[in-house]
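Student: Just lifted these from TrEMBL, have a look:
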type: SITE; residues: ARG15; note: site 'Transition state stabilizer'
type: SITE; residues: LYS22; note: site 'Transition state stabilizer'
type: SITE; residues: ARG147; note: site 'Positions MEP for the nucleophilic attack'
type: SITE; residues: LYS201; note: site 'Positions MEP for the nucleophilic attack'
Amino acid sequence: MGVAAVVPAAGSGLRLGAGKPKALVEVAGVAMVARAVDGLLASGVVDEVIVVAPPEHVEEMAFVTAGRVVPGGHDRVASVALGLAEVGDADVVLVHDAARCLCPSSVVEAVVSAVRAGHGAVVPAIPVADTVRRVDPDGHVVDLVDRTGLLAVQTPQGFDADVLRRAHAAAGDLRATDDAGLVEAIGGEVVTVPGDPRAFKITSELDLAMAEALVAAL
Ligand SMILES: Nc1ccn([C@@H]2O[C@H](COP(=O)(O)OP(=O)(O)OP(=O)(O)O)[C@@H](O)[C@H]2O)c(=O)n1
Ligand SMILES: C[C@](O)(CO)[C@H](O)COP(=O)(O)O
């Protein structure tokens with residue numbers, strides 16, 4: 001019983017282009033993966049953290065984080081599955097991107113509370129701020145997407161452990177962009193709780209600069 005968190009950190013960070021795995025890139029002197037793990041533990045509602053690292057960087061990640069570190073796979077779904085296989089008897093499992101390393105505790109707590117309230121799959125989400133248009137491959141506008149009811153989904157995503165295991169077992173070749181997508185694919189219900197802008201995903205150099213500024217401002 002308890003809450004386990006799987007932290008996928010095995011990506012290469014091509015878009016950031018730092019010359020090393022993104023999760024090892026420092027934000028104000030602390031590696032993203034360490035910030036992500038510390039944030040989960042600081043919430044007080046997470047008992048165990050399993051970090052999924054690029055296979056050739058397992059030792060380095062184990063050196064910088066408080067979590068147990070295991071080797072990852074060729075994409076995010078594979079990495080989460082490898083982390084999930086290491087989860088013991090926790091009845092709630094969170095999956096949290098190392099790249100969302102400034103996520104506040106309030107979001108972690110809200111996700112765990114919603115799973116504990118009986119929801120099998122819970123995602124934090126925030127309103128979409130921009131107007132959204134669908135375009136064709138040439139960039140010509142096809143239509144205006146009605147923004148009503150559109151939310152941008154973040155992590156940590158929280159799951160009843162059995163639901164997440166069933167979703168991953170059924171995934172096969174399905175490459176959903178998040179774990180809730182795998183739950184939807186098996187017909188599971190996914191609910192949202194309010195996310196937080198600070199849980200943004202560090203993808204580009206500008207995101208990294210914004211993360212540094214945010215840490216300095218806090
Ligand atoms: N094989 C992979 C690919 C991604 N991830 C993780 O999934 C999260 C979200 O992925 P993303 O932000 O896209 O990271 P990268 O794949 O590293 O970035 P890029 O696409 O720019 O290479 C990250 O914490 C990343 O480390 C993972 O664990 N295993
Ligand atoms: C899981 C995720 O962060 C939720 O928004 C997102 O889907 C990851 O996408 P990426 O393309 O693998 O970065």
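Yeah, the Cβs are placed from backbone N, Cα and C, and that goes for glycine too.
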Student: What does DSSP call ARG147 (site 'Positions MEP for the nucleophilic attack') in the simple three-state scheme?
Tutor: coil
Student: Can you check what DSSP calls ARG15 (site 'Transition state stabilizer'), collapsed to helix, strand or coil?
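Tutor: SS state of ARG15 (site 'Transition state stabilizer') = coil.
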Student: I want to check the contact list for LYS201 (site 'Positions MEP for the nucleophilic attack'): same chain, sequence separation of six or more, C-beta distance under 8 angstroms. What comes out?
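Tutor: Set apart from LYS201 (site 'Positions MEP for the nucleophilic attack') by at least 6 residues yet with Cβ under 8 Å, we have ASP97, ALA99, ARG100, GLN154, ASP207.
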Student: In angstrom units, rounded to an integer, how far apart are the Cα atoms of ARG147 (site 'Positions MEP for the nucleophilic attack') and LYS22 (site 'Transition state stabilizer')?
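Tutor: The Cα atom of ARG147 (site 'Positions MEP for the nucleophilic attack') is 32 Å away from the Cα atom of LYS22 (site 'Transition state stabilizer').
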Student: Which state, by DSSP, holds LYS22 (site 'Transition state stabilizer'): helix, strand or coil?
Tutor: helix
Student: Starting from the Cβ of ARG15 (site 'Transition state stabilizer'), draw a 10 Å sphere and report how many other Cβ atoms land inside it.
Tutor: 13
Student: Rounded to the nearest Å, what's the C-alpha distance separating LYS22 (site 'Transition state stabilizer') and ARG15 (site 'Transition state stabilizer')? Just drop the number here, would you?
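Tutor: Rounded to the nearest whole number, the Cα-Cα distance is 9 Å.
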Student: Which residue, out of the recorded sites LYS22, ARG147, shows the minimum number of other Cβ atoms inside 10 Å of its Cβ in this structure?
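Tutor: Sparsest of the recorded sites LYS22, ARG147 by Cβ contacts within 10 Å: ARG147.
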